[in-house]
Amino acid sequence: MGQGRRMKKQGMPEPLDESLITRKRKDAPAAADPERKKRSRTAAREAKEAKAKAIPKTRVNGKLVKPVNGSKTKKAAPPPPSDDEDDISGSADGIDDADIMEDGLEDINVTGLDALGSASEEDDDDEFDSDIVDSDAEIRKGASMWSDDEDSDDVEEKLTAANIAGLSRKLDMQRAVEEAEAQAELDEANLQTNIVAERPKILDDEDEEGRPITNLVNQDIQLLRTRLTDTIRVLDDFKNLAEEGRSRAEYRASLLKDICAYYGYSEFLADKLLDLFSPREAQAFFEANETPRPIVIRTNTLRTHRRELAQALINRGVQLEPVGKWSKVGLQIFETNVPLGATPEYLSGHYILQAASSFLPVMALAPQEHERVLDMAAAPGGKTTHLAALMKNTGCIFANDANKDRAKGLIGNIHRLGARNTIVTHYSALEFPRVMGGFDRVLLDAYVLSVATITPGPCSGTGVIAKDASIKTNKTEADFVKLPQWVPPSIITVVLNHTNNNSLQKQLILAAVDSIDHHSKTGGYLVYSTCSVTVEENEQVVQYCLNKRPNVKLVETGLTFGKEGFTNIGGKVFHPSMKMTRRYYAHTFNVDGFFVAKFKKTGPTPPNAVGVNEASSTKTNSASAKSTPTEVEVVDRTPIGEKDDDDEEESDFGGFDDEEDQKYIQRAQAKAMRRKGRDPKAIVPKGDKSASNDANMKASKHVAKEKSDGGIAKEKVGKKEKKAGGIEVAKSANGVAVKESKVESKKERRKSGEKKKVKAKA
Ligand SMILES: C[S@@+](CC[C@H](N)C(=O)[O-])C[C@H]1O[C@@H](n2cnc3c(N)ncnc32)[C@H](O)[C@@H]1O
């Protein structure tokens, strides 16, 4: 970790080596304050050492040189604005997420040594290791850098001389830094060896005024750092290194305070994150959050090939290389002289700026061509457009987002990237599947709004602290209690009416499950992802879903790297299959913190299962749900704003026109007769040729209309779509219809009666 993280290859696990962690990027004071004589010898020694390390020297070409930036890392780039240029709406809602890269990419500061990775990458024996493309030789080979999506056409697939020259120049500099770092680490290791027999004095330390050293303030940054490192050493080897009579809890409390002071976290959040890791790994995690992840772009394969895109950008002076063998579309940017959000290639939709971690849920969902896919929280569309590319613009994607402004950005990206199989809708995802169901695959990329402030924000964002340092301090316990709640302003009242113990995020995952067609021949999958690392937003939500929906099970994500989800942490025990979920951290894979779980829907939701909108009223535990013998799915599909027959007032969707319906039905009947050759002369009644009772067509029409109205594309899905989209008629196990959904309106019943009559006549 440390400097030059942008330049590291994606997915490269970092060894959890304390010596690496100690290269703190904050400027350390050069020497210990002579006044503080009472401080521990350890602390004084550390401070001295830091001074010596501040300008590490190394031999390059036989000369003793000071590497640029030395082992001090450049100050992390200022937190980027919340939205990236992909969100072309420039929405001012303060939203940030893992998909979003910084604005102002012309300011990318990845030059020289700063931009180079540390020396440690190849040492890690993580499963991901085999994917690493890291050596000089490989880079110089040029063509072999590109993964198997590109055939080996000699000329085209070679990097330009300029790119090679640039890369090798960087590699030379990288070697210099590596040597310097290796020397510094060696020095440090020697130091550690000499003091290993000593029990560091940590808890007893007092400053000259007799204050416990735990009250060190930020100015004492190096002493703080030293003690932090010592505390971790003690916790690692408590028996041999702890002071007599001291408990682990005391050391942990001291560590927590130091982490808060050193890295600037709120105690609440630091405590929560500390719980996820061993103390040593926690430090690596906090350290990695100090540096932004590398800039990555995703090639839009609907418009170009990665090799061609790379060549075009190289010609513009961009230094880049493939993100890693795990992705066939990602390119990591080392250095650029052109604003990546304004190149002709960008404007032509050849790529999108997207964090590498955002590729993962889409890869896990693995949509197939011709499927029907729902992206429940889609803006600004990084994942939607990736889905469209994987589906080669076939089938149909419903890209939904509750935030109107962000949905505009979503539409912009869909157009720019040329996704033509996508319909944008504007609902709270909570309202699915009442809006529409029967999807082959559903992506739920979780997002949270704070109820207290009614301010939009990313989930907890604990996975993207490197992008938004404010997360370190602005999360309180209350936020986490609320966190698993997705609260678009439009349904804020619903939120407030919800009982405390039923979070909306949990409701949404149920809505996602119920939107899936378990009969899907090709799919039947849900991927749930968050840009957070907390258990509350991940395993706990997944477990809730497993409890409330016995008709789903976790399956392998198919992702080739990632840490297993927790099955047991902090007294919480989760289903053993939780191992199949995947966690991502910056310090292990150099991607933003992320979580991915993949479910397979195996059958209909039982009638006594907690429904999307009745969770608070129906108490169903998993045991009772599991014992349900029947095969009946009960999903409340009451259309939003549905009115009773007697109510003359029209709904949002304009009500129904039975006469018009008749016209469509007759047309369809006649067409069918002609098509089947039963009555080639059947007269097709005149009418709107574009009319179709296909749900997708109607939704498209609505979208188009809305667009032409200048408003956001909002899919108008009413009873007709709901019906065409497949009102699920509850069926017994043998497939005989036994009971229609309770919520089917009188009007629908009447209409279906009429249709039957027409059919009989025909
Ligand atoms: C993490 S972002 C999604 C990023 C997107 N999947 C992508 O890859 O570009 C979360 C999105 O969820 C939306 N959102 C928040 N609450 C929602 C809700 N209840 N229903 C649907 N969308 C919601 C936000 O407006 C935001 O755009």
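Glycine too: its Cβ is placed from the backbone N, Cα and C atoms.
The structure displayed is predicted, hence computed values, not measured ones.
What TrEMBL records for CYS531 is active site, nucleophile.
According to TrEMBL, the S-adenosyl-L-methionine binding site annotation covers ALA377, ALA378, ALA379, PRO380, GLY381, GLY382, LYS383, ASP401, ASP445. Of all Cβ atoms in the protein chains displayed, 35 besides its own lie within 10 Å of the Cβ of ALA379 (S-adenosyl-L-methionine binding site).
Feature annotation from TrEMBL assigns compositional bias 'Basic and acidic residues' to 43-52 (among others).
Here TrEMBL flags 82-98 (among others) as compositional bias 'Acidic residues'.
Residues annotated as compositional bias 'Low complexity' in TrEMBL: 615-628 (among others).
Here TrEMBL flags 643-661 (among others) as compositional bias 'Acidic residues'.
Per TrEMBL, compositional bias 'Basic and acidic residues' is recorded for 703-718 (among others).
Annotation comment: TrEMBL describes 726-738 (among others) as compositional bias 'Low complexity'.
Marked as compositional bias 'Basic residues' by TrEMBL: 748-762.
According to TrEMBL, the domain 'SAM-dependent MTase RsmB/NOP-type' annotation covers 285-602. Within the model, the domain 'SAM-dependent MTase RsmB/NOP-type' (285-602) carries an average pLDDT of 86.
Summarising the annotation, TrEMBL assigns region 'Disordered' to 1-98 (among others).
The region 'Disordered' feature in TrEMBL is assigned to 605-762 (among others).
ALA377 (S-adenosyl-L-methionine binding site) has a Cβ environment of 24 other Cβ atoms inside 10 Å. Among the binding-site residues ALA377, ALA379, GLY381, LYS383, ASP445, the ones whose Cα sits within 10 Å of the Cα of CYS531 (active site, nucleophile) are ASP445. Largest Cα-Cα distance over the residues recorded as binding S-adenosyl-L-methionine, namely ALA377, ALA378, ALA379, PRO380, GLY381, GLY382, LYS383, ASP401, ASP445, equals 13 Å. Ranked by Cβ neighbours within 10 A across all protein chains shown, the recorded positions GLY381, LYS383, ASP445, CYS531 are led by GLY381.
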